[in-house]
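Among the features that Swiss-Prot reports, transmembrane segment is placed at 3-23. Residues annotated as (E)-cinnamate binding site in Swiss-Prot: ARG213, SER214, ARG215, LEU216, ALA217, GLN218, ALA306. Here Swiss-Prot flags CYS447 as heme binding site, drawing on similarity to another entry.
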Amino acid sequence: MDLLLLEKSLIAVFVAVILATVISKLRGKKLKLPPGPIPIPIFGNWLQVGDDLNHRNLVDYAKKFGDLFLLRMGQRNLVVVSSPDLTKEVLLTQGVEFGSRTRNVVFDIFTGKGQDMVFTVYGEHWRKMRRIMTVPFFTNKVVQQNREGWEFEAASVVEDVKKNPDSATKGIVLRKRLQLMMYNNMFRIMFDRRFESEDDPLFLRLKALNGERSRLAQSFEYNYGDFIPILRPFLRGYLKICQDVKDRRIALFKKYFVDERKQIASSKPTGSEGLKCAIDHILEAEQKGEINEDNVLYIVENINVAAIETTLWSIEWGIAELVNHPEIQSKLRNELDTVLGPGVQVTEPDLHKLPYLQAVVKETLRLRMAIPLLVPHMNLHDAKLAGYDIPAESKILVNAWWLANNPNSWKKPEEFRPERFFEEESHVEANGNDFRYVPFGVGRRSCPGIILALPILGITIGRMVQNFELLPPPGQSKVDTSEKGGQFSLHILNHSIIVMKPRNC
């Protein structure tokens, strides 16, 4: 059976080569496409550029082909934007035209073919989902309702680290404890739930399934079936694994969190009032018929993917940079002690009084952007950009990392220097008021989680610096900050071992 399938596929490839050659010649006369390497039939530029189109590799192509270039990845168009002006055009000026999301066979499995919010196309469904998610997740009221919980979780990290005898001597992988903190931060918001320890069986299952989902979705293993549709039958085994992981995740979300919350709601007396968690609002929308149960579960899916690990990576990067720059760490600690007083723990209302802490957060997001190419955009229909034709359903990547690290736009961008946000970049904020710096995107499809991420980053980094001297492990002058990823997400290659010496405040 496999030999027959292979024979048919080879014949299809041959026919497709002829068709692609003819079509490309015909289309070439009509379209003015962005510059880029010369594609070959069927494979496009895939064999030339490979799979790993991370933020740094795309900079090399931008230097060769310009701020707007096109890569043909098999049968898919990939358009890369590398300048502030073009970024404004894609994200804001033509935000409707380029406001959709690309999907593929793997993302279709994990999102139920766009039943979520983050990865759905721009249109009525997205507007409805965004509206329903905004009130329970992305308002200042949510911040005020949950800030004490975030502060409690940060304090719990401090307490647990102090109890660990290795933390002040040979060092610990702080990320492990911070991961539990981030899950608790978000599950408090969603379900008014938290996990007691890193060994909690449900936490371990959840973390493992989320990790497997990310690995499968971000893998290059399925590119051949995505780029060349006639080879898609060979992905059956891979897609079966994806479907199994998706089914187990959705079942876990439903049984242990959504259904449990429904039972709690049903046991309350009619008309009783109380502080609602996010899922209560989402379930009310389901009861009104605005969304269905699948939409509810995919909202939970989105939060697990988009809100937890991204903030965790940024915290990890920020702490690593402070370890490697003790003078900046000392300056930040001095601000905290001076403004708040020695031993007075930073809280969310204090953050506006701590400009250097805010600058450290902004500099971390600039140099070590968690999603360096943002979440990809797509134009549903043929479009124009900078005088070039952009064919319908092109994948649009904004190299946001390069916008914030281009030496033509930033002074010594390779340096971790928070002072830049007091000096030459004093006007720049993380909300995208300057298109050289858009860590959360801009416009309709910007990340609404900015309202949660910034205070959590400030509270967590602030408390770690207040309570500990952060040092590299014995025998090392710095921690390794080699990068891993960059096409989807950017994280540290090897999780840092940090020596955390308690301060006597």
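A Cβ is built for glycine as well, from the same backbone N, Cα and C atoms used for every other residue.
Of the recorded residues, ALA306 ((E)-cinnamate binding site) and CYS447 (heme binding site) place their C-alpha atoms 9 Å from one another. Ranking the binding-site residues SER214, GLN218 by how many other Cβ atoms lie within 10 angstroms of each Cβ puts GLN218 at the bottom.
For the binding-site residues ARG213, ARG215, the ranking by surrounding Cβ atoms (within 10 Å, all protein chains) places ARG213 first. All protein chains shown were included, and the count of other CB atoms within 10 Å of the CB of LEU216 ((E)-cinnamate binding site) stands at 19. Its Cβ taken as reference, CYS447 (heme binding site) is surrounded by 23 other Cβ atoms within 10 Å in the chains shown. Largest Cα to Cα distance within the recorded (E)-cinnamate binders ARG213, SER214, ARG215, LEU216, ALA217, GLN218, ALA306: about 15 Å as a whole number. ARG215 ((E)-cinnamate binding site) sits 22 Å from CYS447 (heme binding site), taking the Cα positions as reference. In the shown protein chains, 20 other C-beta atoms lie within 10 A of the C-beta of ALA306 ((E)-cinnamate binding site). Counting every protein chain shown, 20 other Cβ atoms lie within 10 Å of the Cβ of ALA217 ((E)-cinnamate binding site). SER214 ((E)-cinnamate binding site) sits 18 Å from CYS447 (heme binding site), taking the CA atoms of both as reference points.
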